[in-house]
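K.L.:
If you scroll down you'll find the structure; I have some questions about it.
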Amino acid sequence: MDFDHQKREQGRFGQGRSRIEAFCENVRKIGRDDPRRVVHSLKVGLALTLVSLLYYCQPLYDSFGVSAMWAVITVVLVFEFSAGATLGKGVMRGLATLLAAALAVGAHHLANLSGRIGEPILLGFFVFLQAVVFTFARFYPTIKARYDYGSVIFILTFSFISVSGYRDDEILKLAYLRLSTILIGGSTCIVISVLVFPVWAGEELHNLIASNMDKLACFLQGFGHVYFEMAEDGVSKRDKSFLQGYATVLNSKNNEDNLANFARWEPGHGRFRFRHPWKQYLKIGARTRRCAYRIESLNGHLNSQAKPEIPSKIRETCSEMSLECGRAMKELASAIKTMVKPFAAHVHIENSKSAAENLNSVLQSSGLLGDNTDVLQLVPVATIVSLLIDIVKCTEEIAESVHELASMVNFEAVEPTVSPEKPKTGQSEPMKSPDDVNSPSIIIVIDEPSLENGTSDSKSRA
């Protein structure tokens, strides 16, 4: 029995030790993944230590008293990971406190005029009214997105000063101490966040948009190889795990919106001036997500059971469309990262549009349907072709948004050292009307068309 008891104790000790080791490994992993998290933790500790001096230093405590605790609370509530978020919350907390304190003092003096009996009734009405108005205002989308924190602080400060002032005759001193300690705590957060290893929300948004486009480019460049190089059983032999990076783009809207709101509060830094066009980044992000939704649909066809010989007739043009869109997206992502005008992206987009036109001609003239062909087997192929053409249009829209950003920010004009591949149109000059090739129609004719008709239709559209 003693031996069994000792063995169980050793087992529990071993489990506890393994859990501690796993916890320590997770802590190290969090620090290794982003060392800025460690720096941010140290910055918060430094800010709290500094404002705690209002309590520890006797002369400062004599000036502020127990109200110094508001400075500590302010640091805990205001200090955020990015400088923009800290600036935004700090400024909103200071302005909301100032405005609410002024109105609360005014409400208190107005309530005094109604006598001792009417004063609590009037103060209660003022508290009720401001709580109703500002709580309802928080449901407004713009206020909810940008000023929600300020609304909460306004309600808290007005209610605190109004209610406390009823029992405290020195309401002006109460408002002054609360405002001054909050300003001290907020200023400490802002100074440390901006001057000590700052993390800029604008730079985070800039890198996020470029990274999302890079993920889409990775999928598009690899899709043709994975889908069209199929085994006999209809399943690709290649590893498709590298194609799943696009999935994070689908849910990036909230993160982009938050970073854009924080970036508006930041001063000029690095390559980003004050009042940088952050809304344009949101426009690029929205178009990138629309493209990602098409890619999500395209990803569902990777395990399509369509007959291999059917897509093999159009594999070259489809692969070229996907590859050229991926190259264009890669160039656009690189242009945003380096803030250099994307000269080469235009050529890749023209290549993809030309491939879409060629594919339309192939579908009309190649006679994909035979006497014994099941029409339903062509539906997956037609769906993939339609999605690829839609992706070509999305890529062109993203390129337009990036060019708009380049003109707003004055991206550096650097000519490519290696000239990109010219469009493979098979014509004497590139097509000049984008409206003709943005969304070319795809026609699958049941009756076998003549080659002359298919050729003449193609020329008329060109």
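Just so you know, the numbers here start at 1 and follow the chain as drawn.
The backbone N, Cα and C atoms fix where each Cβ goes, glycine too.
Note that TrEMBL annotation is computational and uncurated.
As listed in TrEMBL for this protein:
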| type | residues | note |
| --- | --- | --- |
| TRANSMEM | 38-56 | transmembrane segment |
| TRANSMEM | 68-87 | transmembrane segment |
| TRANSMEM | 117-137 | transmembrane segment |
| TRANSMEM | 149-167 | transmembrane segment |
| TRANSMEM | 179-201 | transmembrane segment |
| REGION | 415-462 | region 'Disordered' |
| COMPBIAS | 425-441 | compositional bias 'Polar residues' |
| COMPBIAS | 452-462 | compositional bias 'Polar residues' |
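For the listed features, I'd like the structural context: burial, neighbours, distances.
P.N.:
Within its own chain, the transmembrane segment (68-87) is flanked in space by residues 36-37, 40, 43-44, 47-48, 51-52, 54-55, 60-61, 93, 177-178, 181-182, 184-186, 188-190, 192-194, 198-202, 204, 259, 262-266, which lie at least six positions past its ends and keep a Cβ under 8 Å from the stretch.
With a threshold of 8 Å between CB atoms, the same-chain residues lying at least 6 positions outside the transmembrane segment (117-137) that come near it are 103, 107-108, 110-111, 143, 151, 154-155, 158-159, 162-163, 166.
Distant neighbours of the transmembrane segment (149-167): 88-89, 92-93, 95-97, 99-101, 103-105, 107-108, 119-120, 123, 126-127, 130-131, 134-135, 137-138, 143, 174-175, 178; these residues of the same chain sit at least 6 beyond its ends, with a Cβ under 8 Å from one of its Cβ atoms.
Sequence-remote contacts of a segment are chain residues at least 6 beyond its ends whose Cβ falls under 8 Å from one of its Cβ atoms, and for the transmembrane segment (179-201) they are 36, 39-40, 43, 46-47, 50-51, 54, 64, 67-75, 78-87, 90-91, 93-94, 97-98, 101, 259, 262-263, 266-267, 269-270, 272.
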